[in-house]
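Q: Can you read through this structure? Questions will come right after.
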Amino acid sequence: MTETKEEKVHKVFEKISPSYDRMNSVISFKLHVKWRKETMKLMRVQKGTNVLDVCCGTADWSIMMAEEIGPEGHVTGLDFSENMLKVGREKVTEADLHNVELIHGNAMELPFPDNSFDYVTIGFGLRNVPDYMQVLREMYRVLKPGGQLACIDTSQPNIPGWKQVFNAYFRYVMPVFGKFFAKSYKEYSWLQESTREFPGMARLAEMFQEAGFSYVRYISHSGGASATHFGFKKKEQ
């Protein structure tokens, strides 16, 4: 029986969870931290707000957002991998944060009422979901009017030379890193496949608009190795 994308991705993240944080730093040369910081600076996150971090994984972005909004705010992190959440909960406890809740759930059907959150974030997760548009629509639904979505993910450089280097790195080098650092060649081969199939920056911006978002914009990081897309839910008239 053919394995669905959702089943395959779930199996990948359940297996690589113990080494995920270390591999993230190895694969991106620790640039993922810089990309998040650049994104949050542009978001202008307000204190005391309510945040949803979709596909939160091991809670890196959940923790950064919790520190930014302060103790009066609240962050809910959601992921479908219990093993990733287990690592995330340990990190939240270690950081002594009391305004973060990590829950098991599916990004395709967010278990929240409409208009619940001031900010929704998703970092390196959208490319792994079965239906990009369904998840974009769900994130739009749970945003409050005036709320903001920020999505960081890998992208596809257009700079001649760098594009070829980037593609070769993801296709051939990254799985080898996975084999030697995490004993997971097969799983890291899947991650490069999901990166290769993910829409480019301009197309993803169009999808944001199709999902209902306004004032959509995006920035590229590190020559297009990744990109952040921003979108807002219009305030009710």
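Every residue gets a Cβ built from N, Cα and C, even glycine.
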Q: Quick check: of ASP79, ASP118, which does Swiss-Prot put in the same S-adenosyl-L-methionine site as THR58, ASN106, ALA107?
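A: Only hit among ASP79, ASP118 in Swiss-Prot's S-adenosyl-L-methionine site, alongside THR58, ASN106, ALA107: ASP79.
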Q: Please classify the secondary structure at ASP79 (S-adenosyl-L-methionine binding site) using three-state DSSP.
A: strand
Q: Restricting to the chain of THR58 (S-adenosyl-L-methionine binding site) and a gap of 6 or more, list residues whose Cβ falls under 8 Å of its Cβ, or answer none.
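A: Set apart from THR58 (S-adenosyl-L-methionine binding site) by at least 6 residues yet with Cβ under 8 Å, we have SER17, TYR20, ASP21, MET84, VAL87, GLY88, LYS91.
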Q: Below 8 Å Cβ to Cβ and six or more residues apart, same chain only. Which residues does that give for ASN106 (S-adenosyl-L-methionine binding site)?
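A: Result: PHE80.
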Q: Enumerate same-chain residues with a sequence separation of six or more from ALA107 (S-adenosyl-L-methionine binding site) and a Cβ-Cβ distance below 8 A; give 'none' if the list is empty.
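A: Looking at Cβ-Cβ distances below 8 Å from ALA107 (S-adenosyl-L-methionine binding site), excluding near sequence neighbours, one finds VAL54, CYS55, LEU78, PHE80, ILE122, GLY125, VAL129, VAL135, GLU138.
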Q: How far apart, in angstrom, are the most distant Cα atoms among the S-adenosyl-L-methionine-binding residues THR58, ASP79, ASN106, ALA107?
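A: Between the most distant Cα atoms of the S-adenosyl-L-methionine site, 15 Å.
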